[in-house]
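Participant: Feature list, courtesy of TrEMBL:
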- 12-34: transmembrane segment (TRANSMEM)
- 40-59: transmembrane segment (TRANSMEM)
- 112-130: transmembrane segment (TRANSMEM)
- 230-248: transmembrane segment (TRANSMEM)
- 268-285: transmembrane segment (TRANSMEM)
- 318-338: transmembrane segment (TRANSMEM)
- 428-450: transmembrane segment (TRANSMEM)
- 486-504: transmembrane segment (TRANSMEM)
- 516-546: transmembrane segment (TRANSMEM)
- 552-585: transmembrane segment (TRANSMEM)
Amino acid sequence: MREERSASGRALTPRALALGGLLGAGLSLTNLYVGLKTGLAFPVTVIACVLGLGMYRALAWPWRARSRPGLSLLETSAMQSTASSAGYSTGGTLISANVAWLMLSGHHPPGWALFCWTLLVSALGVLFAVPLQHTFLHRENLPFPSGLAAASAARMLQQGDVSARQGTRLLGGAALVAGLLTFARDGLKRIPTSLPLPGTVHGVPLAPLSFSLDLSLLSPGVGALVGPRIAASILLGALTCFGVLVPWLHVRGTLPQPDYEHAFEWSMWPGTALVTSAALTHLLSRRDVLSRAFSSLLQAGAVGPGSQTGPGQVPRSWWLASLALLSLGTVVLGAGVFGIPPHLGLFGVLLSFPLAVAACRVTGETDVTPSGALGQLAQIAFCVVMPGNPLASTIAASLSGSTASTSADLLTDVKAGSLLGATPRQTVLAQLWGCLVGSAVIVPAFLLLVPDTSVLSKEHFPAPGGTFVEGLARVLAAGLEALAPASRWGALAGGVSGILLALLEQHAPERLRPFVPSAIGVGIAFAIPPSLSLSMFLGSLAAALLTRARPAFALVATVPLAAGLIAGESLVSLTLTLLAVLGLLPPS
C-alpha cells in the first residue's frame, strides 16, 4: 500500500482501523436497536468523526505524558470511514428484509448465511460506488453535506476546538444516565417500563392502545435527532390512527378488541401503503435528479475506475476482479440458501447499479438517502418477476436496496476524505474493512435480540421496517383481495394519503413547507406503539426549546446528548440480553 503512505503520513494505520472498527461495532449495535424499535436508522458519518476522536483522546489519556502524537487527518478519515461503514451500511437489510423473512417463514436462515449475505451486500455497495466518484465528486462536484460536515468537524477537533471536547463529555454523561436507567428498569426491575395515560375516546380506554409515558431515554434521543417536524408528524400519525380511527372502527364493530395487538392487525396495512406510496412519489417527483442520475450512469461506465491515472485511485483490474467475485458469491448464496434462481440473482446484482446511481445522486444533492423508496421499488420489481414467492423476492430485493444506500455512504466518506487529504483507495479499503467488522458484530447481535417472532411486539421490538416489507410482500403475492375489507379500504386510503402528502411536501410554498406533515413520519406511527411516538415528540420538543432558549449551547449539545441517550440504552439493553441468554439474569 505504497499509495497509502504520503508525505504527510499514513492513513490505514492499525490504530485508525482498530478504533474505527471498535466505534463502528458500537454504532452498528445502536442503529440495530433503534431500527428494531422505531424503524429509523441514522447515517453516522459526522457522529463517527466526533466520537472517534473523543474516544481516542480518552483511551490515550493515561499515556499522554509520553507525548504520543494524536490521530492525523488521514488517520481520522480512515477511522471515520471504517466506523461509518460498519455502523450504517450493514444493518439495513437486517431490520427490514430479514425481519420480514422471519415473519413470513417463522425462522431465521442459517447464521453463517446471514453473515455472508450481509457482508456481500454491503461490500457490493462499496464497489458499485467506485466508478461514480469521478462523475459525482469531480465532474459535477456535488456537495454531499454530511461529508463536508465530517471534514469540518475533524479539522476543528484536530485544532483542539473547545466545543468539540464539551460535546464528547456531554455524550458520555448522557450515555451513563441512559444506561443506569435502563439497568434499573430492565435489569433490577425496580421501575416500571411505562406509566399508562388515563382517558377514553368514544368509550375506548387509551391505556390498552399503548398510550403511555415510556420510562426510556432512547426514544427522546431519537426525537431530538429527527427534529420537530418528523417527530410531530409521527405523533400526528399516532393520534390519527390509535386515537381516532381505531376507536371509531371499534364503535362500528369492525375491531372487536380495542387493544394495540388487535389494532395493529389493521393499522399495518394503511401504514404500509402510506409509507410505500409516499416514498415512491418522492422518488418519482424528483425527475430532474433522476434524469441526471441515469445520464451519469453512462458517464460512469465510460469513465470507470482507474481511468484517472493519479496515485491513490482504485485500479480497474482490482475493481473488476472484486466485483466479479462478490457478484458470483451473492448469486451462489442466494440460490443455495434463499431460493433465488441464479438468473434472478444476477438480475438483482445488475439492478443494484442503477439504484446506486440514483441513491448517490439524491444523497449528494439533498443529504437524504432514499433507501426505503429504492428498496420498495426493488421489492415490487422482484415480486413481478418472482410471483408467488414472497420469501425469495423479499431477500432478493434487499440486495438492490441495501447496496444503493451503501454506495451513497461511500461517496459521502470519499467526499470527507478528499477534503482531509485521503485518496479514494484508502477510503474504499477502510469501508471494506468496516463492512467485515460490522457484519461480524451485527449479525450475531441480531440473532441474539430477535431469536424468534415472539419478540416482535410492542413490548420488545415493533420492527416497523420489517412489518412494512412483510406487508408489501403479502399484498404483492396474494393481491388486495386476500385482505379483510377494512384492511383493504385502509390500504387504499393510506396509499392515496401518502401520495397527497408527498406532493404537498414537494409543492407547498417554501414558508409553509416546515409545517407540512412528513408522510413517512405519519406512516411509521401506524406500525409502532403510540408510547414511542409520544416519547419521540417530547425529545424533539425538548431539543427545540433548548435551541430557542440557548441556541449557542444547543448547537454544541443536541447531537452529543441525543447520541449518548441512544447509545447508553442500546448497549446496556444488548448487554442485559446477552446475560439473560447466558443464564446470568432472568429473561425479561
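Glycine too: its Cβ is placed from the backbone N, Cα and C atoms.
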Participant: May I ask you to check whether the transmembrane segment (552-585) and the transmembrane segment (112-130) make contact, with contact taken as at least three Cβ pairs under 8 Å and only pairs 6 or more apart in sequence counted?
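Facilitator: The transmembrane segment (112-130) and the transmembrane segment (552-585): touching, no.
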Participant: Given a Cβ distance threshold of under 8 angstroms, which distant residues of the chain, six or more beyond its ends, lie next to the transmembrane segment (486-504)?
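Facilitator: Distant Cβ neighbours of the transmembrane segment (486-504) are 249, 254-255, 265-267, 269-279, 281-282, 285, 475, 480, 516-519, 522-523, 526.
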Participant: Do any residues, 6 or more residues outside the transmembrane segment (12-34), come within under 8 Å Cβ-to-Cβ of it, and if so which ones?
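Facilitator: Distant Cβ neighbours of the transmembrane segment (12-34) are 1, 4, 40-42, 44, 47-48, 51-52, 55-56, 59, 71, 75-76, 78-88, 90-91, 94-95, 218, 222, 426, 429-430, 433-434, 437-438, 441-442, 445-446, 449, 566-567, 569-571, 573-574.
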Participant: Grab the same-chain neighbours of the transmembrane segment (516-546) for me: Cβ-Cβ under 8 Å, and only residues 6 or more beyond its ends, written as numbers and ranges.
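Facilitator: Those are 37-40, 194, 209-214, 216, 219-224, 226-243, 260, 264, 267-268, 270-272, 274-275, 278-279, 281-282, 372, 458, 462, 464, 467-468, 494, 497-498, 501-502, 504-505, 508, 553-554, 557-558, 562, in sequence order.
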